[in-house]
Amino acid sequence: MAIVNSWLICLVSIFSFVVRVEAATFCNATQACPEDKPCCSQYGECGTGQYCLNNCDVRYSFSHDSCMPVPICKSSSTKFKDYSSKLGNANTFLGNVSEADWLYTGDVLDYDDEESLILAMPKNSGGTVLSSTRAVWYGKVSARIKTSHLAGVVTGFILYSGAGDELDYEFVGADLETAQTNFYWESVLNYTNSANISTTDTFENYHTYELDWHEDYVTWSIDGVVGRTLYKNETYNATTQKYQYPQTPSKVDISIWPGGNSTNAPGTIAWSGGEINWDASDISNPGYYYAIVNEVNITCYDPPSDTKKNGTSAYVYTSSSEFLAKDIAITDDEVMMDSDEGSGLDPHKGATTSSTQKSSSSTATSSSKTSSDHSSSTKKSSKTSSTASSSSSSSSSSSSSSSTATKNGDKVVSSVSSSVTSQTQTTSSVSGSASSSTSSMSGNNAGANVAANWRLTVLCVILGYVL
């Protein structure tokens, strides 16, 4: 009887796990989020808390004010020397921009030899995303980076808005002398929008990639040389009678992600140069694929002259039917929630049952420093967020953790381990949009529930055998 009872407990645990996973509510052009989960995440799932930040999709949320107001642009220059400890964790961040200028999901490491930050993609992971906490509504954004390399590995530098507007640089690891540029308006896929710029080896060399975004035109430049110019008047669509030109406040994302993952759509795999090799030399040494970020500069431009202003702190959408520049206002609305139960509808929900927001930079899943084996004797630190990134989610019940970060040759080595032996990679299809190069975040509550249920299931199985 004890054995039967134990296995019944196991079955209940598994059933609970399945129910919780299947309870996810999705959002898209035909289905908006319900009021109890009002925010549509960038990846098409409804929820509260972090779902209401980080490019919350205003179009498919319960209402246009379900997403949190977006912190207004602030000109800045960020050098990523010894910067990992200053990063906020996107999975715990609740909107307090005084805590962090940049968020991460995935694995990041300081790289002292080049005074830079490594975005790492360990074997079978979804990659890493670095995101700004503030949005840019017209401005000049430049990033000095080294891309990754090899087939199936994609590096991205993009501006992306909660209305699906997008300005892109993407770099396919199989072609290191080409920067792919693209733009999207409200996520509309148009294959004629892309264009390439030739350059020198993007893996071996730092290049400064720049987006100079104005109301009526945008330029893409590499190392100060303009390689492409798009004019707003070129984007007019006679059918919709609208300019299909990126025009809404956008966050800055820099990422590395597995475009060649075998679970991706065939077109995505082909575009990224073929299936990714998870046993490539990089996976042995230094232990992951990587891109390197040295510096990002942001210069904010004035908003359109006819912008409605009732403050100076945040961008808000004023319409649930259109999401154009004319539908953006500048206000002093709150940009921070009190708990992961909050949303734009009620930022203070859950405040009485949750502790005061902690610094997101101090709640990273792990942080470690270790002496270098390299002759420079520099030190490294590494951080790993608690959810998979880059349009990928894992069935792993808990986060990976960086246990070491030592120098080996020219790159930092990170030992990444999982608390579950078996991981199943389920990467979503990418339809040509660089928005898929950013993190797929399931949220703290979902991650905690999955972890708790897996632990209970394993415990029950062990108990069943013992009894």
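Even glycines carry a Cβ here, placed using N, Cα and C.
What Swiss-Prot says about this protein:
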ACT_SITE  Glu166  active site, nucleophile
CARBOHYD  Asn28  N-linked glycosylation site
CARBOHYD  Asn96  N-linked glycosylation site
CARBOHYD  Asn190  N-linked glycosylation site
CARBOHYD  Asn196  N-linked glycosylation site
CARBOHYD  Asn233  N-linked glycosylation site
CARBOHYD  Asn237  N-linked glycosylation site
CARBOHYD  Asn261  N-linked glycosylation site
CARBOHYD  Asn297  N-linked glycosylation site
CARBOHYD  Asn310  N-linked glycosylation site
REGION    337-444  region 'Disordered'
SIGNAL    1-23  signal peptide
Under a three-state reading of DSSP, tell me whether Asn96 (N-linked glycosylation site) is helix, strand or coil. coil
Asn96 (N-linked glycosylation site) to Asn233 (N-linked glycosylation site): how many Å between their Cα atoms? 38
Taking DSSP three-state, what's Asn233 (N-linked glycosylation site) in: helix, strand or coil? helix
Within 10 angstroms of the C-beta of Asn190 (N-linked glycosylation site), the count of other C-beta atoms across all shown chains comes to 14
Taking only the CA atoms, the spacing between Asn261 (N-linked glycosylation site) and Asn233 (N-linked glycosylation site), expressed in whole angstrom, is 38
From the recorded positions Asn28, Glu166, Asn190, Asn310, pick the residue whose C-alpha lies nearest to the C-alpha of Asn237 (N-linked glycosylation site). Asn190
Position of peak Cβ density within 10 Å, selected from the glycosylation sites Asn96, Asn233, Asn261: Asn261
